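Listed in Swiss-Prot for this protein:
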COMPBIAS  401-421  compositional bias 'Basic and acidic residues'
CROSSLNK  Lys361  SUMO1 cross-link
MOD_RES   Ala2  N-acetylalanine
MOD_RES   Lys14  N6-acetyllysine
MOD_RES   Arg97  omega-N-methylarginine
MOD_RES   Lys106  N6-acetyllysine
MOD_RES   Lys259  N6-acetyllysine
MOD_RES   Thr266  phosphothreonine
MOD_RES   Ser290  phosphoserine
MOD_RES   Arg300  citrulline
MOD_RES   Lys333  N6-acetyllysine
MOD_RES   Lys353  N6-acetyllysine
MOD_RES   Lys361  N6-acetyllysine
MOD_RES   Ser362  phosphoserine
REGION    359-421  region 'Disordered'
Amino acid sequence: MACARPLISVYSEKGESSGKNVTLPAVFKAPIRPDIVNFVHTNLRKNNRQPYAVSELAGHQTSAESWGTGRAVARIPRVRGGGTHRSGQGAFGNMCRGGRMFAPTKTWRRWHRRVNTTQKRYAICSALACLSLPALVMSKGHRIEEVPELPLVVEDKVEGYKKTKEAVLLLKKLKAWNDIKKVYASQRMRAGKGKMRNRRRIQRRGPCIIYNEDNGIIKAFRKHPGITLLNVSKLNILKLAPGGHVGRFCIWTESAFRKLDDLYGTWRKAASLKSNYNLPMHKMLNTDLSRILKMPRDPRALRAPRKKIHRRVLKKNPLKNLRIMLKLNPYAKTMRRNTILRQAKNHKLRMDKAAAALEAKSEEKGVPGKKPRRKKGKKTVGVKKPKKPVVGKKAAATKKPAADKKPAEKKPTTEEKKPAA
């Protein structure tokens with residue numbers, strides 16, 4: 001399978017190259033922006049929604065009134081009457097059985113979304129650019145292993161087909177019938193409530209046929225499941241990128257393929273069929289940075305490489321870090337030492353002054369002066385001080401004289417206790 005080329009071969013209805021070539025339109029080289037495609041698809045798809053809402057009377061078609069406080073039950077309105085299970089049950093609230101929903105839906109919701117025209121065109125250009133990349137088309141699930149070329153262009157004679165068998169024969173000759181067989185094999189029952197809402201069956205997407213004029217081509221291809229037919233002048237992003245995912249398999253007619261340059265422009269020439277529009281530009285024309293940096297011609301366009309390494313220095317607080325402070329102010333060490341000495345000197349002066357005042361006061365009362373007591377550290381609780389060993393005369397005086405030991409008397413035995421016979 002060939003890749004995207006500047007010249008695209010045109011294939012006949014027999015599946016062979018007709019010998020004619022078509023220049024690849026510039027729109028196939030447009031920037032690929034899946035984010036824009038997804039955004040535009042999401043917003044345009046919202047325009048097909050049908051308004052819905054619950055009834056305004058739902059949950060309120062009963063007579064209920066709150067019992068008030070003092071009954072040890074919630075203050076929710078309760079159904080009146082008796083003789084039935086319903087009486088006394090809560091009503092109206094969204095937490096009650098049979099009550100209304102929270103924030104009932106209204107039909108005046110903002111259902112539709114407006115999308116900028118330029119943004120819609122950008123999305124279509126990106127979706128068209130993906131049609132020429134086999135990897136993206138295959139990742140979407142299309143069976144294009146045997147397709148001769150992408151984009152696949154056929155002669156304009158196909159636009160005059162009116163019979164289904166002619167369309168089947170063409171798809172088989174172009175090796176695109178495998179994609180239709182995939183659709184047949186994927187038909188299955190929908191999971192969920194959609195089965196009850198006229199959406200019973202689902203299936204995969206098949207190829208998209210893009211034509212210029214309808215001379216019967218719609219009747220020929222419309223019977224096959226999964227096939228979508230689009231006019232090249234009315235391309236739809238919902239059909240080109242189903243689900244907001246780029247890469248759908250498309251088959252073009254020759255006249256439709258040639259018309260793309262007039263519809264979207266070529267960068268050098270604006271679009272002739274649109275007013276004041278040209279293709280979006282790429283952010284980078286060449287993404288190979290190594291090639292750009294090593295380009296020999298015109299090196300002045302590039303800034304000279306920065307060879308000097310600027311290392312970030314961790315700034316430490318000199319008020320907390322003495323080493324950094326000494327770098328900034330070497331005299332700081334001397335200042336600190338002088339401050340400590342001055343504080344010690346002042347403390348000594350205060351103590352001497354207090355001692356002198358106490359001595360003068362004691363002399364007035366006739367009591368010899370005492371030195372002022374200093375603060376002692378807190379005593380530890382539960383710790384006994386070890387006793388100092390007593391040495392010298394005190395030790396001899398404190399020792400008690402040993403009592404004279406008497407010889408131990410022997411206790412009489414049982415035989416001695418017996419009286420002599």
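Just so it is clear, glycine is given a Cβ too, placed from its N, Cα and C backbone atoms.
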(request) Calculate the distance in Å between the alpha carbons (Cα) of Arg97 (omega-N-methylarginine) and Lys106 (N6-acetyllysine), and round it to a whole number. (result) 22
(message) Counting across all protein chains present, how many other Cβ atoms fall within 10 Å of the Cβ of Lys361 (SUMO1 cross-link)?
(response) 11
(message) Can you tell me which of the modified residues Lys106, Thr266, Lys333 is spatially closest to Lys361 (SUMO1 cross-link)? Compare CA atoms only.
(response) Lys333
(message) Using DSSP and collapsing to three states, where does Ser290 (phosphoserine) fall: helix, strand or coil?
(response) helix
(message) Long-range neighbours only, meaning 6 or more apart in sequence with Cβ under 8 Å: which ones does Lys14 (N6-acetyllysine) have?
(response) Lys173
(message) Can you tell me the CA-to-CA distance separating Lys259 (N6-acetyllysine) and Thr266 (phosphothreonine), as a whole number of Å?
(response) 12
(request) Determine, from DSSP, whether Thr266 (phosphothreonine) sits in helix, strand or coil. (result) coil
